[in-house]
Each structure stands twice: as structure tokens, then as C-alpha cells.
Amino acid sequence: MSESDGDGATEKVLGMDWSRKPGDPADPAVDAEWIAGMAGLGLDTNFIVVHGAGSFGHFQASRSGVHKGGLHSTLVKAGFVATRISVTSLNQEIVRALAREGIPSVGMSPFACGWSTQQRKLASANASQIIQSLHTGFVPVLHGDAVLDELLDCTILSGDVIIRHLAQLLSPRYVVFLTDVHGVYDRPPTDPNAVLLKEIEVDDNGGWSIVKPALLQGNTKGVEISVAAHDTTGGMETKILEAAVIARLGIDVYITKAGTEHSLRALKGDVSTDSEDWLGTIIRSSK
């Protein structure tokens, strides 16, 4: 996001988390005079971040059956509350981590923004606050959330579905999925014979085929997907399906491992179908 010339000079970071943490003897020092004299942040803030629940919300949701609906059940209602406490706590931690690095991030919960579903399909998704935040230079940080459903009472709205909707609405240059593996494999990546699929093409009808590696070229059925038992939103399978919808819009999707040079390149858009040294999966339109 930095717009600096990359000369390696260490610059003072404008930390934006000014709240006192548990155990701190005093509020954090804030150099208001220095901040007031800044011409700008020197950042490209034209980003939207969407994160999943990881070890936070999925367990509460799966134990109580929130994803199945039925708020007449005390267990489901309690689980809905527990799930939202968990996912919003994670959201706050991610927003604070970004803010400490000088990124003007603001947390936005789909439930609080009025997003809802009908039979688990997104039915209402007002993005005006997200768009307005972007225009004013903030980085919206959304997350998978427990939401109300017109027929089921409630369900879980996946971060992957949120990304797809925002891509349809805002037409970004590219979309990046960061995971704990390097991309999409032809079988669970824990299998020693697993092969990383470097490029997948999606046609107008939603059908997809493997372009790279050549040994799997044209294969449309040779991908096995495993989903963790606690994952109520479909894991990698949902990511691939939503990525395919995004790719049909003409928007390239990169799936790669978080915290690596490959994820940094993907986030900068420095990836092409000819990038042999990049580890990840590109999903794009066949047009």
C-alpha cells in the first residue's frame, strides 16, 4: 500500500491504535503535533479487506447449529450471540493490527450493516457505507458473520460470498484469497502427491478447466477438496466456486499462501500467467 519510492529508509509509522490495552499503566503517547503536520499518509488505501472466522466463529456456529437456522431454539439463539461476539472480537484485533501499522482501517460487520440472506443466498447487502468509507480514504475490514435469514431465521454468511458480492458491485482490478496453503491442488495438499494448479480458466457457463500444469490440462474433474469438520462455510470449495463467479466478470483471482513473498506479489497485482516463479493459483476468464 505504500506509495514511497522504496529507498529503504525507515519512516516513522503513524500508529492509529490509541486505546489503552489491559495492563498498560497509562494511555499510549500520541504525538498530535507531528500528526497534524503530516501532508498525508503516503498510502494507496483503495483496498477492501475481508477475513474469515478461522478458529474464532466456526466452532461456536457448528456447536450450536447457527448455520442451519432456527432461532426458536435457545441453543441456536445463544450460539448466534456467541458467534457474533467471537467474529467481531477477531475483527477488532485485525483492525487494531492494521491501525498499528498506520493503515486507516475501519471494521464493518455485515450484520450491523443490515446484510441478510434468504435460504442462505445473499438477499440484502447495502454497500453504501463501504463505498463512502473508500471514498474518504478508509480501508473497510469486513468479516464472515452470523446474519438473519428470511426463511431460516439465521445462518452464516461466508467472507468468500461477501468478496464475490463486492467484486460484482465494485469491479476491482483483481481479488486475492490468502490461505494457509499455496493455492488450489488436485487433491488435499497434505497428500505428498498433490500437484499445485497454477492456472484455471472459467467459461461463460461457469465450467472450468485446468490450463497449468500441462499434465492436468483440460481436466475438469480431477480435484478433490477436503473441508475441516468445524468449517460451516465450505472451506476451499467455497473459495473456488466464488472465485469462479468473480473470474467470469473478467476479474483475475489469485489464491496463495499468506505471509509469503508470493502473497505480497499478489496483493500488489504483480502476477501474470507467465509468472513461473510465483507459487499460487490464478483463476481467470477463458475469454
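Using the three backbone atoms N, Cα and C, a Cβ is placed for every residue, glycine included.
Some features that TrEMBL has for this protein:
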- 1-25: region 'Disordered' (REGION)
- 44-256: domain 'Aspartate/glutamate/uridylate kinase' (DOMAIN)
- A53, H58, G159: substrate binding site (BINDING)
- G54, D180, G235, K239: ATP binding site (BINDING)
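With every protein chain in view, the residue among the binding-site residues G54, G159 whose Cβ has the most Cβ partners within 10 Å turns out to be G159. Restricting the binding-site residues A53, H58, G159 to those with a CA within 10 Å of the CA of K239 (ATP binding site) leaves G159, listed by sequence position. In the shown protein chains, 26 other C-beta atoms lie within 10 A of the C-beta of A53 (substrate binding site). Note: D180 (ATP binding site) has non-local neighbours K257, A258, i.e. same-chain residues 6+ apart with C-beta under 8 A of its own C-beta.
Each residue contributes its Cα atom, and for G159 (substrate binding site) and G54 (ATP binding site) those atoms are 11 Å apart. Once the Cα atoms of A53, H58, G159, the listed binders of substrate, are compared pairwise, the greatest separation found is 12 Å. Confidence across the domain 'Aspartate/glutamate/uridylate kinase' (44-256), taken as the mean pLDDT and rounded to a whole number, stands at 87. Within 10 Å of the C-beta atom of K239 (ATP binding site) sit 25 other C-beta atoms, taking all shown protein chains into account.
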